């Protein structure tokens with residue numbers, strides 16, 4: 001008999017050989033199935049946050065390499081850019097961009113807190129209380145906000161899942177940006193980088209980059225995939241999905257702020273227009289690809305944190321938010337005993353075991 005591989009077409013009536021096993025069945029109960037088993041959400045929160053810190057240091061080193069490799073501004077002029085030609089240069093708008101990013105960051109943390117309150121409300125924990133009751137403050141910060149028109153997602157653990165989605169998307173984008181800015185060095189259009197300062201202490205500069213998110217360190221030439229645009233678009237996507245569940249106004253407010261911030265980035269000559277456009281596209285695509293899942297991050301991303309020997313367990317146990325469930329099994333033997341007792345006129349009761 002001629003044997004055919006399981007992926008080929010065999011003649012009618014030909015019995016497939018023993019090796020013709022679908023891939024899913026072939027790996028049933030194997031190592032890969034164990035790897036697909038989701039980690040506890042709390043473990044993912046801690047470990048992905050640790051991964052984000054590690055990626056931040058990788059980006060800080062990449063920024064330093066890019067600074068040293070940047071073309072000499074006195075020799076190489078900035079590239080032609082249509083956005084620069086259409087928009088008048090306003091240098092101080094770079095500060096406005098930083099202020100708007102800080103505003104969106106605070107709004108995102110506020111939204112995350114409100115999502116946590118929605119989770120507590122879903123599991124029946126109620127609203128937290130302050131030691132001293134301040135009517136206006138307590139109602140604003142501790143009350144549950146829910147926009148029913150935009151609430152199509154399960155509320156249990158929604159704050160945890162939203163944070164995992166945000167931090168994993170951000171880590172992936174920063175890691176990709178670290179690679180891109182090192183690969184190709186472009187002439188900078190930024191005013192402060194036309195006479196770039198010398199980095200005297202590289203280690204100190206790396207630490208300052210991580211601690212201040214780049215605001216207190218020296219770095220020039222990191223152009224492709226704008227970091228400002230990445231975080232702005234992440235806030236936009238976060239509020240487009242989760243902010244709308246808290247209050248209807250979050251979507252339009254954040255959208256207007258993000259669009260104006262994009263304008264500020266190009267008008268202040270902080271980045272080329274392509275840097276902004278590519279960052280917008282990549283951030284939206286990454287946030288959608290990571291997705292919202294009750295198991296947290298996609299299992300492929302969880303593979304990168306399973307090997308960590310600390311920061312949470314690898315197996316799921318009974319969570320603090322789980323509700324106890326009692327299951328009663330009806331025994332035929334007990335029913336027979338009850339029938340005998342009834343027929344004999346006995347009034348005793350037969351106790352059953354609860355499982």
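Cβ atoms here come from the backbone N, Cα and C positions, even for glycine.
What you are looking at is a predicted structure, and each value in this text was computed from that prediction instead of being measured.
Looking at 125-145, 230-250, 251-271, the range tied to transmembrane segment in Swiss-Prot is 230-250.
Per Swiss-Prot, residue 198 and residue 298 occupy opposite sides of the membrane [differing topological domain names]. Taking Swiss-Prot as the reference, the stretch among 90-110, 300-320, 321-341 described by the feature transmembrane segment is residues 90-110. Non-local neighbours of the transmembrane segment (206-226) in the same chain are 53, 56-57, 59-64, 66-67, 69-71, 98, 173, 176-177, 180-181, 184-186, 188, 190, 192-193, 196-197, 199, 265, 270-272, 274-276, 278-279, 282; each lies 6+ residues outside the stretch with a CB under 8 Å from one of its CB atoms.
Long-range neighbours of residue 275 (active site) (same chain, six or more residues apart, CB within less than 8 Å of its CB): 223, 224, 225, 226, 229. Residue 271 (active site) sits 9 Å from residue 228 (active site), taking the C-alpha atoms as the reference points.
Proximity of the transmembrane segment (230-250) to the transmembrane segment (90-110) is established through 3 or more Cβ-Cβ distances under 8 Å for residue pairs spaced 6 or more apart.
If you count neighbouring Cβ atoms within 10 Å for each of the active-site residues 228, 271, the highest count belongs to 271.
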